[in-house]
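S.K.: According to TrEMBL, the protein has these features:
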DOMAIN    44-291  domain 'G-protein coupled receptors family 1 profile'
TRANSMEM  28-51  transmembrane segment
TRANSMEM  63-81  transmembrane segment
TRANSMEM  101-123  transmembrane segment
TRANSMEM  143-161  transmembrane segment
TRANSMEM  203-229  transmembrane segment
TRANSMEM  241-262  transmembrane segment
TRANSMEM  274-293  transmembrane segment
Amino acid sequence: MGDRGTSNYSDMTDFILVGFRVHPELHILLFLLFLLVYAMILLGNVGMMVIIITDPWLNTPMYFFLGNLSFIDLVYSSVIAPKAMINFWSVSKSISFAGCVTQLFLFVLFIVTEGFLLAVMAYDRFIAICNPLLYTVQMSTRLCAQLVAGSYFFGCISSILQTSMTFTLSFCASRAIDHFYCDTRPLQRLSCSDLFIRRMVSFTLSGLITLPTIIVIVISYLYIVSTVLKIPSTEGRKKAFSTCSSHLGVVSVLYGAVFFMYLTPDTFPELSKVASLCYTLLTPMLNPLIYSLRNKDVKEALNKLLEKKSTIL
């Protein structure tokens, strides 16, 4: 497994996901932890989508975006978690070439889409607070659909470029990916190719994705803070800030984990795995909790849904 010869990947049939380098006895604990977190992801995000779809009072742009956020979190965590849990019990820990390509493609697609969607949600809050009288006109159903479709479009383009650059590498004899899912950096460590140009292209692509979304979020919140501070009543300021605090929490968790992951040197792969856990599992688990616990409308909609079910029973 450690033999890094010069044979191309064409002689191989699959990769091996090394996962976490811990004692085998701890695999059961890790499996149970992943299972618990994934169950909370399913419950939280499916529950959020059901609440938004069934409650007519939540038929607004903000909750349309939030429903898409829950869907994205549900999908990209499902791309990672089940395979990781299977590998805790598997002896071979293998993943097919097609499976690895699919996993990387879907993960990049949805994680990039989430970044753009968070920028869209910041813009939505900017319009709602800074131009409330024009909100329904500016944030029309058509524009909301176009913004979400645009987020998916940029996610798809980014995923195609990132996946194609990764799997056109010449891989050495080692098939062992030192990670718990197929990601760009651990796959590049297996390559015999010159990575300088690809890394520069990948860095540029990441900048073109990350910088515009961060700029939109920062500028939106600068205007929001400026507008809120002009509100005379303390209650009004508190209400305005409360509509943004959930979104800021989600942005902080996602971008904090991503930056930590990509600023971690390759010499510390275990630290990279822990950072990856933050945005592959922790963020999708926390997002519905953040929005449900800090959002009065969601809590009221959940109570109505539970009351309706109890009445039926």
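Cβ coordinates are placed from backbone N, Cα and C, and glycine is handled just like the others.
On a predicted model such as this, the values are computed, not experimentally measured, just so you know.
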S.K.: Do any residues, 6 or more residues outside the transmembrane segment (143-161), come within under 8 Å Cβ-to-Cβ of it, and if so which ones?
M.R.: 61, 64-65, 68, 105-106, 108-113, 116-117, 120, 123, 205, 209
S.K.: Suppose you look only at the domain 'G-protein coupled receptors family 1 profile' (44-291); what would the mean pLDDT be?
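M.R.: Across the residues of the domain 'G-protein coupled receptors family 1 profile' (44-291) the model's pLDDT averages 88 on the 0 to 100 scale.
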